[in-house]
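Per TrEMBL, the features are:
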- HIS177: active site, proton acceptor (ACT_SITE)
- GLY13, ALA14, GLY15, SER16, VAL17, GLY18, ASP38, ASN97, VAL120, ALA121, ASN122: NAD(+) binding site (BINDING)
- 9-144: domain 'Lactate/malate dehydrogenase N-terminal' (DOMAIN)
- 147-302: domain 'Lactate/malate dehydrogenase C-terminal' (DOMAIN)
Amino acid sequence: MSAPAANSIAVIGAGSVGSAVAFSLLLRQVVPDVVLIDIDEDMCKAQVQDLSDATFLSNVRIRQGTLTDAQHAAIIIITAGAKQRPGDTRLDLIDRNLKILKSILSSLQPIRKDAILLIVANPVDILTLFAQKFSGLPKSQVLGSGTLLDSIRLKRILASRLNVADTSIHAFVIGEHGDSQCVAWSTATVHGTPLLKVLPLTGAERDEIATTTRMKAETIIRVKGFTSYGVAAVSARICEAIIFDHRQVLPLSHWREEFGCCLSLPAVLGRDGIISSFPIHLNDTEQKFLEASAESLKKVIGGYAEEL
């Protein structure tokens, strides 16, 4: 399907992540109109001027806008927030970023009724939950980037061990996008064959791979100060699935009634947002890890109950 001409995507936050997201959308030509918004108008203007020099590669228009422009966008991406500093967990960001999120969403009203709200700022699972409350949109239209990038990192590691293309690996990181995330080893496959049959990893090896996957962002942040390209690429992929109604199954942060919070599990993604949760059959150990991840998130959420 082709994207309707009226579609636009608003990116709120023109820092390292937001500008990279805008660049990815430009290169992928997801929509004809990308609006970049930031409280620092001079910096936002400079980012737009820089990005506009790359528009010869596509027919996408990149422009500086306001929250009023975002009200009419098909997809609103929120990247604005405090940066994760070396040593910070994603949960350490909640105090700063919850205030920013609340301010943005109160200023966005009224939001287009069929808009999809994509949360990229961290802690993504908790902010996705609060965005569902603050935005007034149906829960299915508010989602977070979740563990999609973690799952891509995992597949890259596994593919390198097997000397196959990343696309041949089907594996999910589930739960929190953060310290309590876990790998669904029992469901992982290589071109339809159970992963652990073609790559018989020991428990210690599985733990090492899971830790490397989980810590990759921290490793980058320690040297570079931030991550941007990976999350920008997955944001563009999410937007493509929405705009073109791909019905892809992706591990995204979304509301799960049985856990009482937002966390990442496979979901079918299309033009209406989360079309449905996709069943995943975990073993007992993985199920316990997932439940523990949900409890960890709910414990943090409980400290902000007055916001709900």
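Numbering starts at 1 and runs along the chain as it is shown here.
Just so you know, glycine gets a Cβ as well, placed from its N, Cα and C.
No curator has checked TrEMBL annotations; they are predicted automatically.
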GLY13, GLY15 as binding-site residues, winner by CB count within 10 A: GLY13
Other C-beta atoms that fall within 10 angstroms of the C-beta of VAL120 (NAD(+) binding site): 27
Most distant Cα pair in Å, residues GLY13, ALA14, GLY15, SER16, VAL17, GLY18, ASP38, ASN97, VAL120, ALA121, ASN122 binding NAD(+): 17
Cα separation, HIS177 (active site, proton acceptor) to VAL17 (NAD(+) binding site) (Å, whole number): 17
Secondary structure content, the domain 'Lactate/malate dehydrogenase N-terminal' (9-144) (per DSSP, counts of residues): 66 helix, 24 strand, 46 coil
HIS177 (active site, proton acceptor) and ASP38 (NAD(+) binding site), distance between Cα atoms, whole Å: 25
ASN122 (NAD(+) binding site) CB neighbourhood, other CB atoms within 10 A: 28
Separation of alpha carbons, GLY15 (NAD(+) binding site) and HIS177 (active site, proton acceptor) (Å): 21
